[in-house]
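Only one structure is covered here, and it is reproduced in the block below.
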């Protein structure tokens, strides 16, 4: 292992740091082209195209798209037949995630003015949502909970899941999670063809209003393409953790926290910031020692060697400033008196406060969502939440007297914009009052 | 004038209706290519490129980008020197918009569990926002208020406006609106070059975290390109109004309401749904009569002839159902007892309830935002609001006992996903408690 070591006091820190956190957001044009061709084909030919692509890419031999359909009963059965420890853990996680997300529900409101004019915002659940779940090894039941539960809590009646089964057999934990998160309808299809089916609908698969969930480069390209026809969620980059530690946490804990991000993906990024140079050495030593026992040690090593870093800072305050420039997806504040640093962090997807709050607890079961902004987008975006599945509608009801007052203002401003029909429309309501 | 006339009872209604509401979301690849080349050039060459493009496209002869800068004092002066009626109207509109949007402010919250574990959501304003304002005839001060005010109310400290001045002279109403909406910094530049400057920053122009505001096809293409580096708002299609009327409103009012949308743009869409066939005739007659006096009659005629329609429905209930399939940007419920139909509308950007609530009041001064989802996107998206300028951060602080409980759940689920570092990270916290 040779994890990068930096110090904010070294003269070339700024340059080295920029290199470390550079984001490669390039998109392969060939993948985009192929994904778009598949989407257009499914849009044109519907079920027939979905069937062909699924049989070809997932090595299936189905005669109709109906064969890919799983019913609510299939999902229930998956849950009921899980080993008890898994069923219990999944059920408890689902309940905690549901309860937390219920606090996120937006409430309609209105204000009534003295003249009777009433103005407000209505919150309305989306009618239908599509949930993409990757197949194979990256099929994460926790992601099913995290993506579907906010839609379920928002009140979306139709949540349609798609999940490819290249091996022919669906992951039972994934189906069980879907059952717990309110999914009623599922198709074992994937790739750009599944995104197209959800965006435009086919004879068998219903069109939805929004598609969420992670996928490979083809899925991401297909989502970008159908955006506008349907809503989409963020397109996630590689996962990131940044740990700020004052040297008072067990270095083995910190090393393992870094591993827990690095094991996702060779492109994942795990960074430690500490104001304690000796502690930095201890964590480096712990990394070298603990890596040997890890089942995914090749991925972890690649991630830490390529994109990991241990950075010594002048202070915890400085570490918070550095963290803000990274705007990491996950940020652990593993320090004593962690509370007092919370307000120094402005950009992060989720903040894990204190040594007991390791990221893994948030990934699975604490309650808040684990779908978080990556690649510095935490500067302007937010965790997935109920807010992504409720839309808002302005509601205006202007009284007769209100129309007189507002009409005169609108008249002046509309004429200032040379929009005379706007002015006339407003003034009709003003004159109506004057007549009486 | 030959506005299209339909009736939901005619046998080919479905086909005719589909044709009417078809959305053309195609993008000109040549415009995209040119916009992207400009963006890349500005990213590479900064001020130098901004200066060249602005001098060329806006017929300027500036020696440096600094010449394009307007200060807070310039904006204040624009406000102070407005004619009194305009200054008063703009100030009243700004105040109403500010007050309404203050109700939209998201509030941080947290819950504390019995074992001391604390979970919540922090709301944080974006650091910096760029506001694009079109130049020339489409320079709408009302749009400046509607785009900048939610950012200002959210607490964004840096709101940077760009507005091209092809004639060399900025629109004083636009500058005055910017002053009222909290803009402190402005550059008289536009096009793809302005979007690039805001996304990547130049020697003179600061990079921002999110860019909002309408623009032409080049601006839209540039915004699409920089999305990810910065946040962007929706890319708006042509404006739409749908009016549902029971025949009890003055037909001249309804005709003028349709005009007020049609006068924006030849591609704007204005549709009337009524259950009263005689009333439909009266509105058609009013359109023919009133069009003659309109200053923008060519645009209005083109819009109504190409994309307008008067549709007779069996009932107001049916009209609501038809409206829902369109998901219009603006929907006027110009009926008696309008309140009882509100819940029958699920998809619209803004709902204008009752005969006195014409869209123009909402466009300028009622309070709610006039930046609304177009092209059927009201199915899954919302008006621009304070929510677009506050981001959310999850905050988790798990207690020692909480870590023991949650750690065991996370352990089971992490192993179910073959993520053993996640499991180990969680179990370190469990074992710590067991040791004591």
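Glycine is no exception: its Cβ is also placed from the backbone N, Cα and C atoms.
In TrEMBL, annotation is done automatically, which means it is predicted and not curated.
Keep in mind the model is a prediction, meaning the values are calculated, not measured.
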Annotated companion of A:261, A:264, A:422 at the Zn(2+) site, TrEMBL, chosen from A:209, A:298, A:363, A:388:
A:363
Among A:330, A:346, A:401 - the residue TrEMBL places in the same substrate site as A:239, A:261, A:264, A:363, A:417, A:422:
A:330
Where does residue A:329 (active site, proton acceptor) sit in the DSSP three-state scheme?
coil
Determine the Cβ neighbour count for residue A:261 (substrate binding site): the number of other Cβ atoms within 10 Å of its Cβ.
32
Within reach of chain B, those recorded positions of A:132, A:193, A:239, A:329, A:330, A:363, CB-CB under 8 Å:
A:363
If H, G and I count as helix, E and B as strand, and all else as coil, what does DSSP give for residue A:239 (substrate binding site)?
coil
Taking the center of the Cβ atoms of A:132, A:193, A:216 at the recorded NAD(+) site, which other residues in this chain have a Cβ no more than 8 Å from that point?
A:134, A:162, A:164, A:190, A:191, A:192, A:194, A:195, A:215, A:218, A:219, A:222
Would you list, in sequence order, the binding-site residues among A:132, A:216, A:239, A:264, A:422 whose CA lies within 10 Å of the CA of residue A:329 (active site, proton acceptor)?
A:239
Based on Cβ atoms within 10 Å, give me the single least packed residue among the recorded positions A:329, A:363, A:417.
A:417
